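Here's the structure, in structure tokens; my notes come after.
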Amino acid sequence: MELTDLLLAAMLLAVARLTLSSPVAPACDPRLLNKLLRDSHLLHSRLSQCPDVDPLSIPVLLPAVDFSLGEWKTQTEQSKAQDILGAVSLLLEGVMAARGQLEPSCLSSLLGQLSGQVRLLLGALQGLLGTQLPLQGRTTAHKDPNALFLSLQQLLRGKVRFLLLVEGPTLCVRRTLPTTAVPSSTSQLLTLNKFPNRTSGLLETNFSVTARTAGPGLLSRLQGFRVKITPGQLNQTSRSPVQISGYLNRTHGPVNGTHGLFAGTSLQTLEASDISPGAFNKGSLAFNLQGGLPPSPSLAPDGHTPFPPSPALPTTHGSPPQLHPLFPDPSTTMPNSTAPHPVTMYPHPRNLSQET
């Protein structure tokens, strides 16, 4: 391995050490500029040790490295960045073109090390300024190899130095600012879990109840009354979605259990064909849509059930048996949980069940 390759590897390792030891960009570290100035001066001093340094056979184009502070202040930040990136890129092309004209020699080895320093500077500037389109500035043609080394030193002492010292702090702060991703839209989904629990977990899953009337009664005109409650709707709201007199009037325990009493005037049949297993909560709290009525017992004081048991229908598709509780006749005597004797219930005084 040649000495040039070893020096290039050493410079790359030095840049990597600067990058790892400092959280900022390499161009924001002042040690990088000092290192490049020191190395370029040392490399140029070694050129005098090479014997027989002849001029180049073909002149190479180098950037104009003269610097004017007044002209520099009038330029915008973007034009300054393009000017410096263009100058460093053009210098790298000139060094590579000059090295391509030479046979392996002392000068060729020094030009290889010089190209490594220029690449290091170009990479650091691109990391700070970005890969902008270089601005084609003024150029000069040179045959003297010393002009290659002097061009790098003048760039470092002039435009690059002023850029890093004057514009550098602002660019470094702008580059190191954390980029916080702000969501473009906020979800407007309102979950029912945020509402206070007013029904004590009575109903928590989907259920549907279908009521059909077969004869004259209070609800004879309602041929297909259907109630659908979404998951957790009754569990998280403060009032019941269905507040109709005569429906699920005095339930005690789960609706799909055996203790529920459905009080109606002339409603004959209540089909619960759409009740899925586990649709109702297994608690024993009363689901009272007409507040003020005490829960009715399942057995009368005399030991007889107030209503005949409901016939069970055959199940289909492996579903649980569906209950069809019958509504009692309005003249049926029902026990009262507080009174010692049964109390007779009568239909509502308003007769809305006349057939038209």
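Glycine too: its Cβ is placed from the backbone N, Cα and C atoms.
The compositional bias 'Polar residues' feature in Swiss-Prot is assigned to 330-339.
Cβ neighbour count for CYS172 (disulfide bond): 17 (other Cβ atoms within 10 Å of its Cβ, all protein chains included). Here Swiss-Prot flags CYS28-CYS172 (among others) as disulfide bond.
If you draw a 10 Å sphere around the CB of CYS106 (disulfide bond), it holds 15 other CB atoms from the protein chains shown. Residues or ranges marked as disulfide bond by Swiss-Prot: CYS50-CYS106 (among others).
If you look up Swiss-Prot, you'll see ASN197 (among others) marked as N-linked glycosylation site, on the strength of sequence analysis.
Positions annotated as N-linked glycosylation site by Swiss-Prot: ASN206 (among others).
Positions annotated as N-linked glycosylation site by Swiss-Prot: ASN235 (among others).
The annotation N-linked glycosylation site is assigned in Swiss-Prot to ASN249 (among others) on the grounds of sequence analysis.
Annotated N-linked glycosylation site per Swiss-Prot: ASN256 (among others), in sequence order, evidence recorded as sequence analysis.
The N-linked glycosylation site annotation in Swiss-Prot covers ASN336 (among others).
Taken from Swiss-Prot, the feature N-linked glycosylation site applies to ASN351 (among others).
Look at Swiss-Prot and you will find 291-356 tagged as region 'Disordered'.
Among the features that Swiss-Prot reports, signal peptide is placed at 1-21.
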Distance from CYS28 (disulfide bond) back to CYS50 (disulfide bond), taken between C-alpha atoms, in Å: 35
Which of CYS28, CYS50, the listed disulfide-bonded residues, has fewest other Cβ atoms within 10 Å: CYS50
Length of the line joining the Cα atoms of CYS106 (disulfide bond) and CYS172 (disulfide bond), in Å: 39
